[in-house]
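A.B. asks: TrEMBL feature annotations, pasted as is:
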| type | residues | note |
| --- | --- | --- |
| ACT_SITE | A:E327 | active site, proton acceptor |
| ACT_SITE | A:H328 | active site, proton acceptor |
| BINDING | A:Y130, A:Q191, A:N214 | NAD(+) binding site |
| BINDING | A:S237, A:Q259, A:H262, A:H328, A:D361, A:E415, A:H420 | substrate binding site |
| BINDING | A:Q259, A:H262, A:D361, A:H420 | Zn(2+) binding site |
Protein chains: 2
Amino acid sequence: MPQFLDTTSPDFEPAFVALLNAKREDSPDVDATVAEIIADVRARGDAAVIELTAKFDRLDLTPAQLAFTPDEIAEAIDAVSPQDRAALELAAERIRSYHVRQMPEDAQWTDPDGATLGWRFSPVSAAGLYVPGGLASYPSSVLMNAVPAKVAGVGRLAVTVPTPDGQVNPLVLLAAHIAGVDEIYRIGGAQAIAALAYGTGTIAPVDKITGPGNAFVAAAKRRVFGKVGIDMIAGPSEILVIADADNDPDWIALDLLSQAEHDESAQSLLITDDAGFGRAVADAVDKRLRTLERTAIAGASWRDYGAIITVRDLDQAAELSNRIAPEHLELCVADPAALAEKTIHAGAIFLGQWTPEAIGDYVGGPNHVLPTARSARFSSGLSVMDFLKRTTLAQMTPQALRAIGPSAERLAQSESLQAHGLSVRARLDSLNRPPI
Amino acid sequence: MPQFLDTTSPDFEPAFVALLNAKREDSPDVDATVAEIIADVRARGDAAVIELTAKFDRLDLTPAQLAFTPDEIAEAIDAVSPQDRAALELAAERIRSYHVRQMPEDAQWTDPDGATLGWRFSPVSAAGLYVPGGLASYPSSVLMNAVPAKVAGVGRLAVTVPTPDGQVNPLVLLAAHIAGVDEIYRIGGAQAIAALAYGTGTIAPVDKITGPGNAFVAAAKRRVFGKVGIDMIAGPSEILVIADADNDPDWIALDLLSQAEHDESAQSLLITDDAGFGRAVADAVDKRLRTLERTAIAGASWRDYGAIITVRDLDQAAELSNRIAPEHLELCVADPAALAEKTIHAGAIFLGQWTPEAIGDYVGGPNHVLPTARSARFSSGLSVMDFLKRTTLAQMTPQALRAIGPSAERLAQSESLQAHGLSVRARLDSLNRPPI
């Protein structure tokens, strides 16, 4: 059973704080191992990557076999059913349409002093996308990372995906193909991150690495950060559903379970203004858990981290939601737009009962890579901005320098940065000299 | 003397690669000390902060004295000269005007399937700004961090600035006042970062921490990242000037020295298509170094990390610039706009000979917090975006769910995420049931 909390109970506040602070992740400390792997790949390049792939994935490769060939990709893709292909294509197209709208505008203007100012966005030249192997090898994640990169204009996009014992998920290759990925390597783990960051004889280095992974991958991304850019290090998934009594308890139960089935560390929370509805959802969860394929995982998540919170009214629900700052927020209430105005900290909001969170995982259009562990207070989901950088532009004229240069000189003097001041002063003096 | 490189020399490539890879920063490993300080502040709050401030800053405070009072701020500000105040106000106004234009638009639209999609930006609720004490206590940095935060709409902005032996820079307090900072604490070091991240009895926690600092501050920011957001961890400053022979060598020398005087680890590079001009700049640097106040610092930086590179033409200059990905890029050439089109990796570009980089440090308008150490390949300077986060929005209708729900269900099945698929299926089935 999940926790049942009620804001009218005198014990509510400490129980809620405990829920907020529950440490759900128990990452093994693999940093020393990862440091060795990265050093090895930096020193020995392909040879190290090949040895580590033989060791961890039981796969013997030559340098020429590190990358999938176009024929291998085509053959794998041919095995995908037309229905799966159509679903992936629809998802890719919707993700593309959404992310195209995120492209920011360049700007340039001249101010009254004659200074021309502005900025320019340009794509990262090369990006790497890590795709996990095995159970968590999700083609949808390939689309969610690769499509924004290509929309942003990344010239070279390399995917790494481990293929333990040679097993490959053809849908991952198809998703990469649909998204326009340029290179796919059959490697994984910290060695793949090191290869992307530093390059090997076969694999050219990239400037930015995104994508989810296990503890080794996360530790490696932390270590190469600075040498390359990385996306967030995601924690276990979370959902908060705010629902009034005018919902089908079974639908809400399935929405809660669709996070819980990801991971025993996932967290599914329900806030409702009707205690009876909360109990009905709990019953519906129990009923669904009896038949779910991933019942062990989903059951453990729901038991250990699930909670149903009864509130006085929806304003109180919004207050608690803002303290939770959930990754996914479903608003199953009569006026979801009004409630969304008040829920200001959330990675993604799903409005109304016809918008199960699973729509957002696949085909909605918005990105499913979202801030976890309350970081929606200060960060955002993946977007085209993760594959762009801004260069600011400034051009002074003699007139502009006359107008604002003396203030720069003054501030430089106050900061004891003499050369800063002189670089302005030398130019101003030249303007004050009478023409010969 | 700096290095002289010439692209026509057979030794050029290895020399240039060595220049790119020169490790200029030698940070002491203070991580263990910082971990203890953070744990102490988390455990004992104000008491720990007060003890550490007595120890490191030789300053005895009560909890009530941690924050500057409005009277203390007013008194310090009164001592600032009208000229300094006017310069700071001009800088603040120009920074504000520039950053207001960066504010992104919210968006919402309904697609042909009936799905309403969009996003919403909202400010971080509370931010903390670290300001170093002593020599590197720059009022301009207060403006560059605090103004974008306030433009973004941050509700509560707290500054920490250490005041060793009680010494305070009144210009820092004035800059904070002009920028609309809400709280100023006379604390510094890792203890200030811990107090901002976790809160104490006196200091409420924030959601995001920005601002430069020493090795202790940098290590503390790394450690609290995740609990709060942080800005970049900046390395030593850099400038690349691309100049043709039609420039005053003294101006270019001063521009190079205005980076070199920051720090012995700073790097100043000149690329020119005229070897004679390069030598003239080197001579001008030597001459200026004889009279500069910070000649020891600037001289060491120029000697150890400075370089003058002669290229065949400006296209080759652009190629090298993109490999360097400089923090600051000055284009002192006849057609700077044309060259700027080709220099795609740079934090900030200063176009033309009337735009010394120092203008950008103070009054240009663009931010002076910029990506260092070649990270302009994948990251951007500070902006209002650092104090905003995006929430994505999606609302399906029955019609939209009918159109795209089956694809979501199909993909969920392919990823063995049964509850995901069922959460869509349950809703689709309800639409297919005949009305009673």
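Glycine too: its Cβ is placed from the backbone N, Cα and C atoms.
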A.B. asks: Three-state secondary structure of A:E415 (substrate binding site) from DSSP?
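C.D. replies: Reduced to three states, the DSSP call for A:E415 (substrate binding site) is coil.
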A.B. asks: Going by DSSP, give the three-state secondary structure for A:Y130 (NAD(+) binding site).
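C.D. replies: Note: A:Y130 (NAD(+) binding site) is in a strand by DSSP.
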A.B. asks: Are any of the recorded positions A:Y130, A:Q191, A:N214, A:E327, A:D361 near chain B, where near means a Cβ under 8 Å from a Cβ there, and if so which?
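C.D. replies: Near chain B - Cβ to Cβ under 8 Å - we find A:D361.
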A.B. asks: To which of the recorded positions A:H262, A:H328, A:H420 does the lowest count of other Cβ atoms within 10 Å belong?
C.D. replies: A:H262
A.B. asks: Looking at the recorded positions A:Y130, A:Q191, A:N214, A:E327, whose Cα is closest in space to that of A:D361 (substrate binding site)?
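C.D. replies: Going through A:Y130, A:Q191, A:N214, A:E327 one by one, the Cα closest to that of A:D361 (substrate binding site) is A:E327.
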A.B. asks: I'd like to know which of the binding-site residues A:D361, A:E415 has the most other Cβ atoms within 10 Å of its Cβ.
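C.D. replies: Of the binding-site residues A:D361, A:E415, the most buried by Cβ count within 10 Å is A:D361.
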A.B. asks: What is the one among the binding-site residues A:S237, A:Q259 whose Cβ has the most other Cβ atoms less than or equal to 10 Å away?
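C.D. replies: The residue with the most neighbouring Cβ atoms within 10 Å is A:Q259.
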A.B. asks: Within 8 Å of the centroid of the Cβ atoms of A:Y130, A:Q191, A:N214, which other residues of that chain place their own Cβ, given that this set defines the recorded NAD(+) site?
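C.D. replies: Apart from A:Y130, A:Q191, A:N214, the close residues are A:P132, A:T160, A:P162, A:G188, A:G189, A:A190, A:A192, A:I193, A:G213, A:F216, A:V217, A:A220.
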A.B. asks: May I ask for the distance between A:H262 (substrate binding site) and A:H328 (active site, proton acceptor), taken between their Cα atoms and rounded to an integer number of Å?
C.D. replies: 14
A.B. asks: Can you name the binding-site residues among A:Q191, A:S237, A:H420 whose CA is within 10 A of the CA of A:H328 (active site, proton acceptor)?
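C.D. replies: Correct set: A:S237.
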A.B. asks: To see if you understand the setup: which same-chain residues, six or more apart in sequence, place their Cβ under 8 Å from that of A:Q191 (NAD(+) binding site)?
C.D. replies: A:I37, A:D40, A:V41, A:A48, A:V49, A:L52, A:T53, A:F56
A.B. asks: Roughly how wide, in whole Å, is the group A:Y130, A:Q191, A:N214 that binds NAD(+), by largest Cα to Cα distance?
C.D. replies: 13
A.B. asks: Compared by Cα position, which of the recorded positions A:Y130, A:N214, A:E327 is the closest one to A:Q259 (substrate binding site)?
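C.D. replies: That would be A:E327, nearest by Cα distance.
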A.B. asks: Can you see whether DSSP assigns A:H328 (active site, proton acceptor) to helix, strand or coil?
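C.D. replies: Assignment for A:H328 (active site, proton acceptor) reads strand.
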